[in-house]
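The annotation domain 'G-protein coupled receptors family 2 profile 2' is assigned in TrEMBL to 16-270. TrEMBL lists 14-39, 51-69, 81-102, 122-138, 158-177, 215-238, 244-268 with the feature transmembrane segment.
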Amino acid sequence: MMAMIGSLTAHQRWILMAVKGGASSLSFVGSSFIVLCYLLFKELRKFSFKLVFYLALSDMLCSFFSIVGDPSKGFFCYAQGYSTHFFCVASFLWTTTIAFTLHRTVVKHKTDVEDLEAMFHLYVWGTSLFLTVIRSIGNDHRHLGGWCLTQTGRTRKAVQFITFYAPLWGAILYNGYTYIQVIRMLNNATRMAVGMSDRAYQSDARADKKSMNRWGYYPLILIGSWAFGTINGIHDFIEPGHKIFWLSVLDVGTAALMGLFNSIAYGLNSSVRRAIYERLDQTPFDPTTARVWPASLRRWFPGSLKSKGQFQESELVSLRIEDQH
């Protein structure tokens, strides 16, 4: 992502730094909110949301090291560059574990996904570490303004594609294929319910379908976050002496917003909103201390969330994973 900085002016680099810092800060806040929700609300500590927690944690650390920038010491330059790479890779790999869980539960009707948690950790953290180590071989970080850059050569750029963009687009293709199968399965279930005129089953199938239709858009998060970076990287590989500033801005900005997009799409579901509302609902109104903020915050919640019986489970919890225990 940063290989394109070399031929830009100091003013253009400053703009890119501002865009990167602002977008990374938004992602840090969004992902930190999901992490805090998981830590504060015990009712969210289920396997389904635990995967979202690990995703948010990876996004939070990726954003943090992106905000840190390029310290004056060479060691911290290495730490910033490799840490950002490690946690950004871990972020999109966690999305594949969520997709795998959905597919295994909905399509294959398996209930053993909790037993695979150790394998998920080995897969995500092990792969991220392996790709980061491969990226570091023969690499030499150097300073350019406020940026921590790797050597710019076609060989190094090829390594960047192999260690980041290739697995990234592999994850995008896998997620897309998986969600298509999940949605197709739910569509078939809905049609069966309509054919049998089973109102109760039909209502459940439609509710599940409504939830899963949202997941069909989630591969677009990775595409939207990294499409410009991929295009910019290919352009820089073909024409290294010709930088396109507006494309660089889109590259830096959309990539840094990945954590915010993930926190909204994966984290801000009905289970999180329910946990927050229930906590607010338990907070007493005290006119002597002007504690009116809970009533004000309640206005942000839809009317359908104000009745316990009308709460819907999160998109992952609706798969009845926890119902087996």
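Placement of Cβ uses the backbone N, Cα and C atoms for every residue, glycine included.
Across the candidate stretches 81-102, 122-138, 158-177, 244-268, the maximum count of CB pairs under 8 A to the transmembrane segment (14-39) is reached by 244-268.
A contact between the transmembrane segment (51-69) and the transmembrane segment (158-177) is absent, since fewer than 3 of their C-beta pairs, 6 or more residues apart, lie under 8 Å. Across the domain 'G-protein coupled receptors family 2 profile 2' (16-270), the model assigns an average pLDDT of 82.
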